[in-house]
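Beneath this line is the structure, given in structure tokens, with notes to follow.
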Amino acid sequence: MALKDLPADAQPREKLLARGPATLADAELLAILLRTGIMGKGVLQMAQELLDPPGVDAATGQPTGGFGGIAGLLHASAADLERIKGLGPAKRAELVAVLELARRALAQQLRECAVFDTPDAVKHYLQLQLAAKGHEVFAVLFLDNQNRLLAMEELFRGTLTQTSVYPREVVLHALHHRAAAVVLAHNHPSGSVQPSRADEALTQTLKSTLALVDVRVLDHVIVAPGQALSMAEMGLL
């Protein structure tokens with residue numbers, strides 16, 4: 001059913017203004033952002049498609065379907081959104097902007113009160129920071145002696161190897177922040193979080209180098225859309 005065919009008090013925008021945002025379903029809130037549908041597909045249907053469970057095309061191996069709810073959508077990139085029919089460049093840009101604001105708000109809250117004392121806390125924070133990036137990034141969380149966040153820096157971009165990530169630079173940044181410990185992190189835009197041999201070798205190199213200045217490596221987290229892996233939990237540290 002098109003929005004115009006709904007009773008006035010049931011249309012998402014009017015419902016939000018009259019009753020508050022908490023009364024709206026996720027699809028209704030998205031419909032307000034999207035504003036209009038396309039021929040043969042109403043805006044509510046388009047919004048629901050974004051929230052539908054994801055799938056995989058058996059022939060191509062490419063992702064299909066939606067993003068599995070708001071949490072999954074939070075990590076979607078502009079390129080990911082292209083698979084939803086009817087989402088043109090303008091709608092994709094608006095949606096990505098809103099999602100980025102949401103990620104920044106969540107990350108700020110975590111940063112202001114964060115004590116990274118469990119792998120889950122670290123993974124959650126890093127997913128907000130790295131999962132939606134379309135290129136590979138190597139980042140470091142610099143922590144004090146109580147595992148509180150001092151800073152996060154993206155130090156290198158591109159395919160990560162022992163030759164593209166410079167241990168000296170990581171050490172200099174750790175000393176600059178007076179860090180007692182670090183968490184290493186990088187993303188795999190391809191979607192796999194399994195560590196490669198290069199990931200393991202790089203981790204050991206950085207761990208040995210940072211130990212020379214009494215900085216502990218607590219973990220190396222690999223992030224992909226919708227998932228994250230802790231190398232510490234896997235016993236690879």
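Even glycines carry a Cβ here, placed using N, Cα and C.
Just so it is clear, the model here is predicted, and its values are computed rather than measured.
Positions annotated as domain 'MPN' by Swiss-Prot: 115-237.
Residues or ranges marked as Zn(2+) binding site by Swiss-Prot: H186, H188, D199. A C-beta separation below 8 Å, combined with a sequence spacing of at least six in one chain, links H188 (Zn(2+) binding site) to E136, I222, V223, A224.
Swiss-Prot lists 186-199 with the feature motif 'JAMM motif', giving sequence analysis as the kind of evidence. Proximity of distant same-chain residues to the motif 'JAMM motif' (186-199), defined by a Cβ-Cβ separation under 8 Å and at least 6 residues beyond the stretch ends, is recorded for 63, 130-131, 133-139, 160-162, 220, 222-225, 227-229, 231, 234, 236.
Note on D199 (Zn(2+) binding site): other Cβ atoms within 10 Å of its Cβ, all shown chains, come to 20.
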